[in-house]
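Take a look at the structure below.
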Amino acid sequence: MSRYDSRSSDPTSYRDRRSDSGYGGSTGYSGSVRSSSSKNDYYGSEASKKVDLDGLPHFEKNFYIEAPSVAAMTEREVEEYRQRREITVEGRDVPKPVKSFRDVGFPDYVMQEIAKAGFTEPTPIQSQGWPMALKGRDLIGIAETGSGKTLAYLLPAIVHVNAQPILSPGDGPIVLVLAPTRELAVQIQQEATKFGASSKIKNTCIYGGVPKGPQVRDLQKGVEIVIATPGRLIDMMESHHTNLRRVTYLVLDEADRMLDMGFDPQIRKIVSQIRPDRQTLYWSATWPKEVEQLARQFLYNPYKVIIGSPDLKANHAIRQHVDIVSENQKYNKLVKLLEDIMDGSRILIFMDTKKGCDQITRQLRMDGWPALSIHGDKSQAERDWVLSEFRSGKSPIMTATDVAARGLDVKDVKYVINYDFPGSLEDYVHRIGRTGRAGAKGTAYTFFTAANARFAKELIGILEEAGQKVSPELAAMGRGAPPPPSGHGGFRDRGRGYGGGRSWS
Ligand code: AMP
């Protein structure tokens, strides 16, 4: 029997806690701040305000016991392991990573599901994220879809649920997972169902655009895990179909995407209804300022774990071309490029802003190009439709903002065009990584203006590492020289006609 099994004979196990807690379901808590002993804590910035935890029953959130095999790892071994698996950690008292599933000590019923799934070892985010999450501390995880992050937070969630008092009639969920889109919410639910079934943990998925009836019925029956998009969840709370008084484990998945989609007010409203001493796990693929600001308000003394090489590298199967242009040349350059490469293959064009996306898409359509756009201001139904048109190839050109396109798993994108250069080199690598997937070759074209000059040096590094050519103009910008006068530049090596013999990289 595992050390987390709530049905063990451990005197601190769930039944005992249940009888001391006297949890009655009504907390009386209505604040939105977290308690803290340190006023200077970087996180939990509102922590110095007094939090009234009176009437809130104690709950258990630290379940971690380091296995002897993990304890035996030397600091050097830990460091080497993290380096090899591209794990970077921050925070106080960071636990050592676990190298095998056995090292985590999950309950037997979870181990059986892992074996059934055929997994051989924890992914990097799991090997470092599990001990962190099981310790009951707040956690920031910077990892992408595909990294195994869903199980990184769901398996500790299952352990957490099994150690809490059972639900009483009228109780809301114990675990709440907020996700930006229905697609992601459903994906998360599939994992929750698979891995939670054997311990009889019930879950439901709450998202908009479908009838409420079945969701209301699930909530009324009582579910330990709710996976929700913010709008529909608020709707359910306001109509008293659920409440968040029992939530002690909160997950915000793809926080960057939720903010890009304008969910900031809804997220705040939801979190304000959850007891402040909850455990919060905050996931994002990127770490822009807004995402960090929200984390500061919602998390207390968090660990941070970042997955991926600190040295950015692009996929070598992608040919990268960079064209030095002026802002007002961009549209004509785009059209010329499309004329050259368009053969019915999927082309993904990235823009900086939602407005830019709409404008260029409109213009392209007026000029006869089969383009649609996807960004955070579009409704779920419209996004679904645009994606299916793009996937099926009916509309082979799609324009997108960064965050709306993140996590999109569209196969066979042949070309990525950076109409606007992104705000970071990480985004550049993410964007072009939409092509060249699963062993295919891909090509990325990037418009680069004088306003982007500050990225030139790092961009050159990425191009060189991937064995791509660097044009003399870009090289000069990388040395801090002013960009060449407009009118130069274009994409070489595209085969047919256009741009031959000019200054392309
Ligand atoms: P996610 O990043 O959570 O979207 O996970 C991506 C996929 O990886 C999902 O299909 C998971 O079932 C799968 N997965 C999760 N953990 C592991 C693991 N340790 N080994 C192999 N596959 C995994």
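Even glycines carry a Cβ here, placed using N, Cα and C.
The region 'Disordered' annotation in TrEMBL covers 1-44, 476-505. As annotated by TrEMBL, compositional bias 'Basic and acidic residues' applies to 1-20. According to TrEMBL, the feature compositional bias 'Low complexity' maps to 29-38. Look at TrEMBL and you will find 99-127 tagged as domain 'DEAD-box RNA helicase Q'. TrEMBL lists 99-127 with the feature motif 'Q motif'. Annotation source TrEMBL lists domain 'Helicase ATP-binding' at 130-305. Look at TrEMBL and you will find 333-478 tagged as domain 'Helicase C-terminal'.
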In the domain 'Helicase C-terminal' (333-478), how many residues does DSSP call helix, how many strand, and how many coil? 70 helix, 26 strand, 50 coil
Tally the residues of the domain 'DEAD-box RNA helicase Q' (99-127) by DSSP class, grouping H, G and I as helix, E and B as strand, and everything else as coil. 18 helix, 0 strand, 11 coil
The average per-residue pLDDT within the motif 'Q motif' (99-127) comes out at 93
